[in-house]
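Notes follow once the structure below has been shown.
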């Protein structure tokens, strides 16, 4: 698997390393040596905007440059996460050709920067760990002579700092690289900055998922919410229940994620500071589960006979919970993240209503005709099961709305309604003391003509009526790209750079709201993604120095 | 029967008869897109052995070995039909399929149809069902507009689009090559136009050899290349490399420093245009040329004292549409003298027998009225209004493109005959090489069937849905990033990023 992973890395590096080019900053060269007050336009290459930036009009040439561990760093050459990142960013900045040539040992000029030292300051660098919602992602970057220094308490901050450093490098007309004297101090505004991809409505080949993890890192996203199964297909190959994908995937061999695939996604994400949170949505959205697991779904009735179709998970059978226990036990070992997303959205009650056994159960339990109580009964039992696996859980807002008893550290995922409705939902969830994250304004699968990123950029997850304490319960948000109309053919240009607008809202300070400045910076950022081999679509009529070459 | 002149009045009519060894099977062919005019297939299927399969010229065919178009097409279609050809298949068949066409262009369409009839079973064996097809297009002009000015499209992206066009039987590439934002066409006569008007003078231009490559690639696919040099509006980028071409706008009595449409009052303008169009008409072999003429903003002309003086002299009063018509008339005269037929956007009001009108504006009600009015005046027209495919929306908007009825306007049979076809427009404000292909396909294919197939046989959008789904998977299999219509999967998913 390690070999396969290395091979993928190499492929990606080959595909992406195209070097950088900003024609916007060339003018600064003429002023080299003079130090002036910095203007906003000088942040033009940075996305998302760091918390504190100071760029001087003093530029350094980068001719023979290297990224090295600082002597004092707690993560040395044995930290492969960092070594991989150095190589990745070196190739983004300088391309591959130079690396292979012999290192020139010649005298460097006075305004030449030769080194970036990366210094992990805390005793535990977390190099071999997994990122979590409490990870320290902060970093400080100082670009000055004799060498640039990137200081971060943990490797996660160092990864973000490397991305920022790579964004500061620009090239002149003839490809010579420079960087200006810069001081940056940076940390994320929100801890949970996610992208949801849906691999059930359309199967997404591994390569597409990895390329998007790569792009997420360029945008400082840190959570990949993998909506891996749903009604349409079950591509997750379960070791405990192989029938689920054997019967429930679009194709049992070509349209599945094997355990090795899943491992690769998780490790690829980890190396980029990205958590992988899997979603196994129940009791609704489970049609594909039923194909490989008999008696799991509720048989629907028409009149007094089974109609042959099936509804949500059958909540009244003990076998259901036995299955869920085994299944989530597997999930908790396969996915290292502390959270698992349990779904719980859009449960359709008509099938439950039609089934006489369910009706009998409802009577026994004294639920009357209130099927929300039955849903709560199911979810409650499921949450107990997942609790025994020592995982925290995320759930869609309906579970909260329906009054299910939840553990205090449950994350409520808000996705419904218009602006007024989601803001009042955020207020309700936080006033009940729960942590929450927002997706409603960021359903990027919904497309329209024109620059819809404006709307995504303006939405702020803390804009609702509530106390400061309530606002602190908002841990972030997620951009969702549901898969009804999306597969490998159009996913990447539909996601980027629209998701980048969300990235800045979740990372940068609350007062970073100037849409014109954002347009200028985002245009450069999208061309940078294109230069790195990512087909990020244009914002408006324009050009990139290096246009997308893949077709 | 011979390869006749490219395009214009040849109707590529062909029929395809397949007679090979019999073998019964339960496979039902998902079908061909766009739907042929007459199509009979049975469940009898014949295996195809790539090792033994070949294309040959019929003994009586007017085109024989060395016909560049068909030689190239045979090669192309062999690998399209057998994408993962491995040499360990059994040899089974010994039959023949025959394809008759009046011109090579019809033969190309027939080869495309044949390639869509071939399928593979789960074990990789290729089959084709016993089939008889008699086919011809409903409209002779079936175009796609690409805009290379708002974003530069690398030549590779254009060539790939031409491939995909042929798969949907489109036959005109309308190249909206220049516009306000940039002038990527590298002119032999006026090299400054691109060296100062392109986004970048070296990397964002189409050289003469690029243009030749596009034209010859298109020809081999049976596609005409119709260039558009839009004027007098949409010409900001022209002004950078050609001084005095654009009208200087005035604020009060002094020039404001900005420029408007082409300056119609200077003789130098027409000298320039004559030389430019002389070059363009020799570079682009098609007998049509698109002159634009849309969205002319009169405010700059109004501000300019010289233009106002000219209006007075000509007796146009305050009617600037007369000035526009005066200008267009002169341009049409230039291109007519070069033996080209002009196409102009519908904004050009001065109806003229020598030009064809391109309808692009309005709601269904208003464009139908326009069709009715213009054909009544005897004008030939081309419909684009319902197929502005750059406008995107959530969901299955291909259904709207599919259900267009181009001839459903009030008018006589004679009037209907003046509708020579339609065009799908992909304007470039939000489109470049990163998203062009998935945005164009398979949405444009919906319009392709409307323009090729019989309207009665293709009136049901729900019946079209599974066929189009199948066709989009064929496109993906051929390496075209065609996006999905709805949930589902292709046997071979797109493997790029």
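From the backbone N, Cα and C atoms, a Cβ is placed for every residue, glycine too.
Copied from TrEMBL, the annotated features are:
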- A:1-19: signal peptide (SIGNAL)
- A:46-168: domain 'Beta-hexosaminidase eukaryotic type N-terminal' (DOMAIN)
- A:79-A:127: disulfide bond (DISULFID)
- A:190-509: domain 'Glycoside hydrolase family 20 catalytic' (DOMAIN)
- A:300-A:351: disulfide bond (DISULFID)
- A:346: active site, proton donor (ACT_SITE)
- A:527-A:544: disulfide bond (DISULFID)
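Taking the features listed in TrEMBL, we show where each one sits on the structure.
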residue	record	Cβ within 10 Å
A:79	disulfide bond	21
A:127	disulfide bond	19
A:300	disulfide bond	18
A:346	active site, proton donor	12
A:351	disulfide bond	21
A:527	disulfide bond	26
A:544	disulfide bond	27
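Considering only the recorded positions A:346, A:527, A:544, the residue whose Cα is spatially closest to the Cα of residue A:127 (disulfide bond) is A:527. Counting residue by residue with DSSP, the domain 'Beta-hexosaminidase eukaryotic type N-terminal' (A:46-168) contains 33 helix, 32 strand, 58 coil. When the Cα atoms are compared, residue A:300 (disulfide bond) and residue A:79 (disulfide bond) turn out to be 55 Å apart. Comparing CA positions across the recorded positions A:79, A:346, A:351, the one lying closest to residue A:544 (disulfide bond) turns out to be A:79. Distances between the Cα of residue A:527 (disulfide bond) and those of the recorded positions A:79, A:346, A:351 are shortest for A:79. With respect to their backbone Cα atoms, residue A:79 (disulfide bond) and residue A:346 (active site, proton donor) stand 44 Å from each other. Averaged over the domain 'Beta-hexosaminidase eukaryotic type N-terminal' (A:46-168), the predicted model has a pLDDT of 90. When secondary structure is read from DSSP and collapsed to three states, residue A:300 (disulfide bond) falls in the strand class. DSSP assigns residue A:527 (disulfide bond) to a helical segment in the three-state reduction. Secondary structure at residue A:351 (disulfide bond), taken from DSSP and collapsed to helix, strand or coil, is helix.
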